[in-house]
């Protein structure tokens, strides 16, 4: 429909655009009207119109105007001052200028017909595509109109733009670019399109990703190919904590042999050299770093395609050590001795020792240090300088012995005269020309000594003596002679050297020194100071968002020296590195730890320290249990409130031992623990609202409490006004003998009762049967008391002989039976069962005796069918069966014989042998089948046999004649 006042542009769907009017008439749009109404009509208002209106179609190309007449095509409507021309079913030929004439006044409008809009349609659909792994693939789809929006899907799930998937639109072409195609990208891709008019279109395709084709090694002159799957890491890297100057290796495994990985450190690719080596052994990839330095510390990443594995290398500074050790020196008396050693670091303070005691620089001892070289010079050595010398840096020692050879001596015997007693030998020193008598019997200078040393630090225990000739020494410990390899005896002393003294070497040593003239005795008391043993029973308690309390017990042994301090270490459960967090005094056996982060799980351990060093760490702590679940109250009245809850989600690694119940008046924060199961408080006012909380306990202590969401109103009128300060706690400890599930706390004017279940009793009558080398079948009866709630299931445990560790046999069992598998053949096991309800597990039932996991041994037994016992008689040509039941453990081997010949299957005879039975079937029997058949069953436990007498009867004469006649007639 067209106005007579505007230029109009419209489609066949009556979408128009109006241009300004031409002419002198006063023609305008009605206020508030837009370009067209919902019927596609266009209207104008004529002011000052006359009674007659004419409309013309201007055909400029023909040069003449055509007056329009109302009819099927055109409709002219007069409505007051409004004149309307309606053009029905507009077509391209209706395009042109239209003029309305009212007297001498005229107005015009141009009509443009744009044609009917096209429906959304896909011109170029998606096509099935096949690419090789690692390549880039582009999926294209083209539509016929603009303005459409696209949505990409993979296996009917929306695909979002990312570094992997790039979505592009150019004009009417929509593209999805997939980078580095992998096997995981193989799927059905589709595109959903929609335009402004709500029209939709869809196109789909299948993307196939093939692995790289490689040629396999030729075998039997055939060429084969294999398709590689996507490269990925199956065994990841592991964190390493080491010291500098050591060699470390990161290893991982991939799912493809002889692949090449990319190694990164801190986001940068690693350059390999003689110190950093990358090796591949089939599917194992190893990065080796030799002589680590502090600069090598950081995160290392192995990249396999799109798969990565990252591990951290932590390097601590290595202590100073000796690169060149001291060497033993042998010199002549009055000469100078020199000991030299070399350190691994220049900046290190060294000390020199003589027989374990530090020596100071002086006239006879000179110390020099030149870079890493350290030298000790001893001037004019004498025989008493002969001993062990050591250079020490930190806890490292380099040791060597000094041997001093005395100047030669001669034994001279001057002519005897009357003034010389017989047997008087004298010594002449050829260097000093002095004469002195020699002692004959060994004389020990120190008969009782005390030595103190640190564990694992070499020590030499020495006993000086004088004797001639040189004596022999025998060292004894606990009245047993010690090895001669560790005994060193010279002319004036004997030593026993311990390279690695332990606490077990501590005690009293006896030394026997003797020569041909006699013997002497000496004693040495050795005390070995070792580091303390590990502290015991580390418990974590009072866990809050701000920290926790760690407590422990002292170690069984302090190593022979009083403990000086304890070190508490922690680590994040997701980390492998322990970090010291606090140091306590020797008399403090607990500590409050605040250096933690909320909502993180930590594990603690404790080390004891004495003057010998830091001892071994304790066993890692077990966390307390998590809060009980689903704590609710119900059945509240003036006399009681019933609380119910479920066991915590995590028990902290040990059984739940009890629950703590606490109460607090609403609006206060006073929670007081009362250790009695029944407690009376008289100063409370009834009608108040109270809060309750329950805390689970295990051997490590209480965990976090669970709270009731809303306060409980105890609605009972008070007899008199009282102050409210009633706070109570009830500690409930479970045991198999306690069956009370109803507890009362009479702190209200009337008793307040708490009803809650307990753990069940142990199961009863545990029995076993059907044991084998790999399993056993267990049955039991339910407990007499289920704790007031239903039994959820049972846990079955086993304990191997020689250990005290009970291991679970699998998941919880809902029934009263369990088939235990996975046993080691030949091992002995005991079994036990525990019942579980929602509060936890019961005490275990009485364990079975130890049962060996072996297959039962039973000799074979053969049971024949009763009809076969008296023998079997049949006619020739019939079919017979000889069935037999065969039992035994292990499963017997079965053999059938006939007339001392092993019976074998053929076209007439079949033997069907299965576990438990064996059957011989003979078809079309003959007279020759008449015999005694023997079945033999053997296993490792014995042998059994049974016999069946078979008698095959011949055919009758009439039968024979009949057969003859038939046979005669066949040729004819």
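Cβ coordinates come from backbone N, Cα and C, glycine included.
TrEMBL entries are annotated by machine, without manual review.
Straight from TrEMBL, the features:
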COMPBIAS  25-43  compositional bias 'Basic and acidic residues'
DOMAIN    117-208  domain 'Ig-like'
DOMAIN    218-316  domain 'Ig-like'
DOMAIN    319-403  domain 'Ig-like'
DOMAIN    534-629  domain 'Fibronectin type-III'
DOMAIN    631-718  domain 'Fibronectin type-III'
DOMAIN    762-856  domain 'Fibronectin type-III'
DOMAIN    860-951  domain 'Ig-like'
REGION    24-43  region 'Disordered'
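At the 8 Å Cβ cutoff, the domain 'Ig-like' (218-316) and the domain 'Ig-like' (860-951) share fewer than 3 close pairs (sequence separation 6 or more) and do not count as touching. Residue counts of the domain 'Ig-like' (319-403) by helix, strand and coil are 3 helix, 46 strand, 36 coil (DSSP-based). According to DSSP, the secondary structure content of the domain 'Ig-like' (218-316) in residues is 3 helix, 54 strand, 42 coil.
In the domain 'Fibronectin type-III' (762-856), the DSSP tally of helix, strand and coil residues is 0 helix, 42 strand, 53 coil. Across the domain 'Fibronectin type-III' (534-629), DSSP classifies residues as 0 helix, 44 strand, 52 coil.
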